[in-house]
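Q: Here it is, the structure, as structure tokens.
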């Protein structure tokens with residue numbers, strides 16, 4: 001019975017892929033600039049979008065100046081940001097300069113220069129430097145804290161769902177992701193790993209926006225194959241595991 005259900009599920013997924021593939025090919029025929037591409041269809045369309053995306057990449061990234069920087073709409077600002085991050089990585093990683101030591105030395109030089117100038121200005125008849133009074137607005141702190149609180153609560157909900165043992169698929173997915181992160185973390189130092197993540201922010205969104213139709217088509221094929229393999233694995237292995245209240249898709 002399990003094999004029959006698996007075969008029917010695989011056939012349905014293949015039919016869905018062939019139906020959607022015709023729609024995705026209509027978008028991939030054009031290699032013009034992203035501005036000439038047709039807008040995304042409504043959510044009810046059969047066109048597959050990576051991660052269920054329903055808006056343009058610029059909107060997904062929040063729009064405004066941050067999205068312009070990540071998508072190289074303002075090349076000068078993007079170049080400065082990317083160059084500064086690369087310089088910081090080279091400074092700390094290649095020259096083996098520690099972050100805490102750098103911050104302390106920088107503060108020592110800054111405070112020393114301000115202190116000396118404030119006292120020397122009296123003797124050289126120069127006006128002392130005007131140091132602005134910096135105050136962090138309460139609204140910004142509350143908004144940031146609220147956003148962080150929401151994400152932390154979501155993480156707690158996810159951990160609780162996994163801990164209850166009712167969703168084996170989600171449990172295996174989280175374990176696989178953590179294992180991959182642990183393997184990648186063993187290849188690089190934390191600073192190098194953080195720099196690679198920083199570098200990917202300036203490359204992956206741009207490449208995805210330029211080749212989104214091709215990437216979406218490949219992502220659709222990958223998701224169908226993953227679901228097919230999971231259906232076989234579920235029928236042969238997971239369904240044989242006696243777990244009380246097991247949640248299945």
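We number each residue from 1, going along the chain as drawn.
Each Cβ is built from the backbone N, Cα and C atoms, and glycine gets one as well.
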Q: From 57-74, 75-92, 129-146, which range did TrEMBL mark with transmembrane segment?
A: 75-92
Q: Looking at 18-37, 98-117, which one does TrEMBL call transmembrane segment?
A: 98-117
